[in-house]
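Down below is the structure, laid out as structure tokens.
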């Protein structure tokens, strides 16, 4: 009787852990998609509607909020990550550089492009992620997924080629953002060992290592001076949205790490593609900087269709049962 009960408990534990893991995968992906959706809209309002001149200062504010929240949480023993030692920079490299590059290029491109064009050009993160995961992590992908990726690229080229509000500087920043995002996602997955820094340590030390250099760059380029002289600091609504952007920046960084922790860099890119579908069409109605043309609209729709097909194939492949169940892929906090 006892032996039988122990056997049942042993059988139930892996199943329960697997179900919890699947729930965590889904919730972390939804959390990331929601945060990513909201911060693009808030940043677009700050940088375009209000005309805030300093994306770097906005990014610095997001880093500062991230450091403060995680440090206070560690002091109150809500979360845990290792104390600083001289080995941490080596363990983390090159994530801090990718992190700040992703931050600055993303905010800069948001301020210079219409929302639909921004979201279309961000689709290039997907093939870049596929390429880097193939090179760095040794993954392989089916022909159907590759075809979907080519559809995304084709649609993006058609839309970008007929963009009536072409902005070369904005295009450069968004392509840099694609590269930094893809590399950051892949290396975050590679570095995020629970026995080393863990997801909170990666997030905290990334922000710590790059906030001072970012402030120095901001001051040396005159970016900080423009931000301090900005006339809207007396506007309560602007201040609320600025603080909201800083908090959402923390949530976005946390949700990105969480989604990569429970899923993969590829799934994180897929969720971003799904989110971009809604942002692009909302951007046609709000924002005031989208100029309609037939080719641009057709390109947008081809790109979105390819993104949805790609998402369907990826999520369907993840839902197929694996034999045997790979219990090592289940994070330690869901095994206990």
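Glycine is no exception: its Cβ is also placed from the backbone N, Cα and C atoms.
In TrEMBL, the feature transmembrane segment is placed on 290-312, out of the ranges 106-128, 290-312. Per-stretch counts of Cβ pairs under 8 Å to the transmembrane segment (200-221) identify 233-254 as the leading one among 26-46, 141-159, 171-188, 233-254, 290-312. Under 8 Å from some Cβ of the transmembrane segment (141-159) lie the Cβ atoms of residues 116-117, 120-121, 123-124, 126-127, 130, 134, 273, 295-296, 298-307, 309-310, 313-314, 317, all in the same chain and six or more residues away from its ends. Each residue in the domain 'Sugar phosphate transporter' (29-311) has a pLDDT score, and their mean in this model is 79.
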